[in-house]
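A short write-up of the structure that comes next.
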């Protein structure tokens, strides 16, 4: 796995790449154009594979939930944008994606995967890296799965909600936090309010 330039608490590496957009058109997009929004940027190994369509469709199906959080989801792999389009145009029952609600970018030179530290150099593909980038372009969360295991969209939504809550309120979110749950005031004395309720 490449070391990359993606570091928590620092600006996420910018990229410019050709994407297949939800309307089926090709468009050059860059990370910087999403400043002011949260971004969930995820890599997957290859088009026309097995775990990948389950993840991509799961993110696409819930694009509106992310939109309500002022969050854009973007997928990426090393395949060409033509390959992405062919996969989108393949019916789901034949292992295709069907219509998409999120852009899929093409990284054929592997530079974006390299920058984000997810390149599996011996195979020239990317691991299942996922990056949560805040509305100021700062990288807030990184997870990288090995190839055989997909990711949970529920958990990604929860993390976006938690980071947005801490941004707004300055309190911190305990393990398993969900909207409406108790949070912790990051202060030795004030935190006791939370801990005193624990069994």
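Heads up, the Cβ atoms here are built off N, Cα and C, so glycines get one too.
Looking up 35, 68 in Swiss-Prot shows the N6-succinyllysine annotation sitting on 35. Cross-referencing 37, 136 with Swiss-Prot, the residue annotated as N6-acetyllysine turns out to be 136.
Between the alpha carbons (Cα) of residue 185 (SUMO1 cross-link) and residue 32 (phosphoserine) lies a span of roughly 33 Å.
Closest by Cα distance to residue 197 (N6-acetyllysine), from the recorded positions 7, 27, 32, 52, 120, is 7.
Spatially, by CA atoms, the recorded positions 7, 16, 52, 90 include one closest to residue 136 (N6-acetyllysine), and that is 7.
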